[in-house]
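If you check TrEMBL, you get these features:
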DOMAIN    A:140-309  domain 'ABC transmembrane type-1'
TRANSMEM  A:7-25  transmembrane segment
TRANSMEM  A:37-57  transmembrane segment
TRANSMEM  A:69-95  transmembrane segment
TRANSMEM  A:125-147  transmembrane segment
TRANSMEM  A:159-182  transmembrane segment
TRANSMEM  A:188-213  transmembrane segment
TRANSMEM  A:251-273  transmembrane segment
TRANSMEM  A:285-306  transmembrane segment
Amino acid sequence: MSANRHALILTPLAILGCLYALYLVHRPDVAGQAGLAFWAFIVVLWLLTGFAISGLSHLKLKQPVARRAIGLAVPVLFGAFLFFLWEVIVIGAGVPSVLMPAPSAIAAKFSASLPLLRDDFFQTFVKSVLSGYAMGCLSGFLVAIIADRVPFLRRGLLPLGNFVSALPVIGIAPIMVMWFGFDWPSKAAVVVVMTFFPMLVNTVTGLAAVGKLERDLMHSYAAGYWRSLLKLRLPVALPFIFNALKINSTLALIGAIVAEFFGTPIVGMGFRISIEVARMSLDMVWAEIALAAIAGSAFYGLVALIERGATFWHPSYRT
Amino acid sequence: MLKRVTNEWIGENGMPATLAAQGAMKEPASPPVVAIKGLSLTYEAADGPVYALSNVDLQIAEGEFISFIGPSGCGKTTLLRVIADLEQPTGGDIHVNGVGPEEARLRRDYGFVFQAPALYPWRTIQKNIELPLEIFGVSKAERREKASKQLELVNLKGFENKFPWQLSGGMQQRASIARALSFDPKLLLMDEPFGALDEIVRDHLNEQLLKLWDKTGKTVLFVTHSIPEAVFLSSKIVVMSPRPGRIIDIIDASVLGRDRTLDIRETPEFLKIAHRVREGLRAGHSYDD
Ligand SMILES: Nc1ncnc2c1ncn2[C@@H]1O[C@H](COP(=O)(O)OP(=O)(O)OP(=O)(O)O)[C@@H](O)[C@H]1O
Ligand SMILES: [Mg+2]
């Protein structure tokens, strides 16, 4: 118990130590030629931070505000320390930036190329991903409802769904470019293909997940198909649908980026990655990766947040 | 002789039950609520047929309280489900309120209380109780009013905005009873509604159910495993036996009157009927051996 209290002293100490190490590593006489003493210092910091974070995560606090703050601080500190390690190792050991640029270099590149990144983001995320995601998910959902109504469709579509899910993006992307041209519609089409079937399969599964008694209840009220769909089966399917929405949020971004490798106008995140790799300017590639990571996590997080609100009654969220 | 006590559960202005009561006392002039003749139901399971019901004959008059009792697997649930048109018989004749079970179901003639509460977790208790009314297209104001009346009836006032999973098992079961009562069906089908409850809560709900029945003159079909519960509640007790599922005895308990208190469980009449039910159950079991 009281050992964990030490975390409140150890944490600021570890942070100060890390900041000092950052200052050290960027000095010309250390960068690229850090000595044993420096690495020994880093190892000490590692241990110190480890104790501090594990102490923090075991702290038992009374006030809910403090508990929330700690709950937030633990992952933030953990992530920050990983970035710190990345930075000091790359700078301290003088890793060539073609192999692995330092986070500071990526951040510098990121802020220096904001207009370019904004255009790429707009092209890839807003145009291709969002439109493809919306169309793919919506059509997957609607076809699932139709398939639910027409049993032979369900039996035919589900195996086909598994088959198409197994198709590699690399295979369908060039075909979509042939069909829909170089600009974003072909990328959106790839996203539609990738997101359609997860939504279809999940929704069909969800609609079938209704318990016998719950269904009998609707039957005993002589409720028609649409009423029992609306009042019972769709709510039951909602966690499954959100599951598909979450899977698709990551799939869509991957699909759109990879699809841009196969012909695109001179803008877009995938396009940028492919040409900057060829030019060996890896810091720009990493800036795009950072952008993709931020956009992808924000998108996923937003869907997960809506899910929490919409399926609050589900056993995994009940409070 | 039909003394009526008002209490918190029913309130002053319930419907006079005298008419329905008399209907149960003398044999009825009105057509039977449930008329079953030679009913059979065989499930085709993977390892051969299961004779869940075999040659069942039963007449239930309006305003009766019928308990079904018998060992597990003797077809009590199946019989209730056939009456509710949730299961199709493989032979025989069945009429509910003078029509086939399907038509009765489409007319919304009955309310079914299942063995489990089967409340929808995304709806509050109030919304769960309103569910049938919502499906029947009852206006919002009327729904509110009817639901809150039922909430009061089952002692769940103050819990209307809770979600089912925030309530105890007994409260959930009471909510499911309120839901079945919300649209005021004349026929109540209840499949072991109190099976999972402790003795005290069960006694309490038994009393409340009995008073509701006495007051409103509904016809109740009630499945139970408990002999005292069956005798305490019923005007008639149907004893069933398994393999094949069939009726082996129908015991009249109307001598106990309609207006009962828990004390009658110590009276000689009560014990005599309970004894006969037990004998019937024993006889049913010995068939197996
Ligand atoms: N859907 C089904 N398919 C096959 N057999 C079934 C099905 N439902 C019930 N049965 C069988 O029919 C018989 C009667 O079942 P039922 O549920 O009516 O019994 P019960 O009297 O309600 O029993 P309990 O007291 O345990 O609830 C049992 O042998 C059961 O195994
Ligand atoms: Mg049963």
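Residue 1 is the first one shown; counting continues down the chain.
Positions of Cβ are set from backbone N, Cα and C atoms, glycine also.
Here the transmembrane segment (A:125-147) sits apart from the transmembrane segment (A:37-57); fewer than 3 CB pairs are under 8 Å, leaving out pairs fewer than 6 apart in sequence. Sequence-remote contacts of a segment are chain residues at least 6 beyond its ends whose Cβ falls under 8 Å from one of its Cβ atoms, and for the transmembrane segment (A:159-182) they are 188-190, 193-194, 196-198, 200-201, 254-255, 258-259, 261-265. Below 8 angstroms of C-beta separation, residues 3-7, 10-11, 13-14, 17-18, 21, 24-25, 30, 70, 73-74, 77-78, 81, 85, 88, 92 of the same chain, each at least six residues beyond the ends of the transmembrane segment (A:37-57), sit close to that stretch.
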